[in-house]
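Remarks on the structure that follows.
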């Protein structure tokens, strides 16, 4: 087997192959033949799935500098080394079905990376530097142990497909609603109890799957007329069992994001002072300066400055930004034309988040 492997690599070196297939070779170590002398300078695609590799060499980028695709699916790799960041031409990296516990921050240096697959590992967090991957189109981090997603993920402006199924997420950063190219978002089998108010506001986002998040009872009304999966959501549970802000209408109850400070009703006549001030600041700086960076960080607490950059949400009726208070209105999915598509497998409601009593009274999901 060793001689056959050496022969395969030698032929690839002599004939300057661009593709090399080393799948199913029972390899426990990265082949030294690949790293000899100058390495394989012409190699662009390396396939090494279903081996028993536990690590990657530190000089990988030096010996294989022109790698465009690296497939290491189904090995036993525990750590993505710092050296991976030197593969500056890499566009596809597949480390699915390994034993990954750590992804090094240097992965953010892979500025050409378009597809990153890290499914079926043991990751508890992703480094913030993932947000530096401006060309990233596909990110699959399903079946890990993630509790949160890095907020800088919203800086991946080319991201189209994000899959985070079967993790331990209990919330989704509202900043992800700013992803301009996101077309499909799958978060099935997590611990979500609420979704960002603006999820679905982007016209690019067409597919959202949140199946089997049993505490999830409300979907932002922006998701109406999108392709959604929500089977197994909205299981009966006592509100007191979940320490989250909730809103009830009739026999329906939904949980709201922790950033919501107050829930308005149709009987309110005046907005809270902080909400009025934030809306005024927002419109002033957007209309006069066109750039919130002109606002000195010293003038406002960091939390409020962040809200100005990324509001809690936008009114589902008039698109007015909201910062502290929302006026919710429920539309049970079973009472909409979409009921037949879900075959009664869910008890969730669409939630319209409005900015005022006027918008609350005039909003109609079905009109």
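Backbone N, Cα and C define each Cβ position, glycine as well.
In Swiss-Prot this protein carries:
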type   : residues : note
REPEAT : 16-36    : repeat 'LRR 1'
REPEAT : 42-63    : repeat 'LRR 2'
REPEAT : 66-87    : repeat 'LRR 3'
REPEAT : 89-110   : repeat 'LRR 4'
REPEAT : 112-133  : repeat 'LRR 5'
REPEAT : 135-156  : repeat 'LRR 6'
REPEAT : 158-180  : repeat 'LRR 7'
REPEAT : 181-202  : repeat 'LRR 8'
REPEAT : 204-226  : repeat 'LRR 9'
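Outside the repeat 'LRR 9' (204-226), and at least 6 residues removed from its termini, the chain residues within Cβ reach (under 8 Å) are 165, 179-198, 232-235, 237, 242, 252-256, 313, 316, 330-331, 333, 336, 338, 347-353, 365. Over the repeat 'LRR 8' (181-202), the average per-residue pLDDT in this prediction is 97. Distant neighbours of the repeat 'LRR 6' (135-156): 91, 96, 111-129, 162-173, 175-179, 181, 186; these residues of the same chain sit at least 6 beyond its ends, with a Cβ under 8 Å from one of its Cβ atoms. For the repeat 'LRR 2' (42-63), same-chain residues at least 6 beyond its ends with a Cβ under 8 Å from one of its own Cβ atoms are 12, 16-30, 34-35, 69-84, 86-88, 94. Outside the repeat 'LRR 1' (16-36), and at least 6 residues removed from its termini, the chain residues within Cβ reach (under 8 Å) are 1, 5-6, 8-10, 42-57, 59-60, 63-64. Taken residue by residue, the repeat 'LRR 6' (135-156) breaks down under DSSP into 5 helix, 3 strand, 14 coil. Tertiary proximity for the repeat 'LRR 3' (66-87) is limited to same-chain residues at least six positions away from its ends with a CB under 8 Å from its CB atoms, namely 41-60, 93-104, 106-110, 117. Assigned with DSSP, the residues of the repeat 'LRR 7' (158-180) fall into helix, strand and coil as follows: 5 helix, 3 strand, 15 coil.
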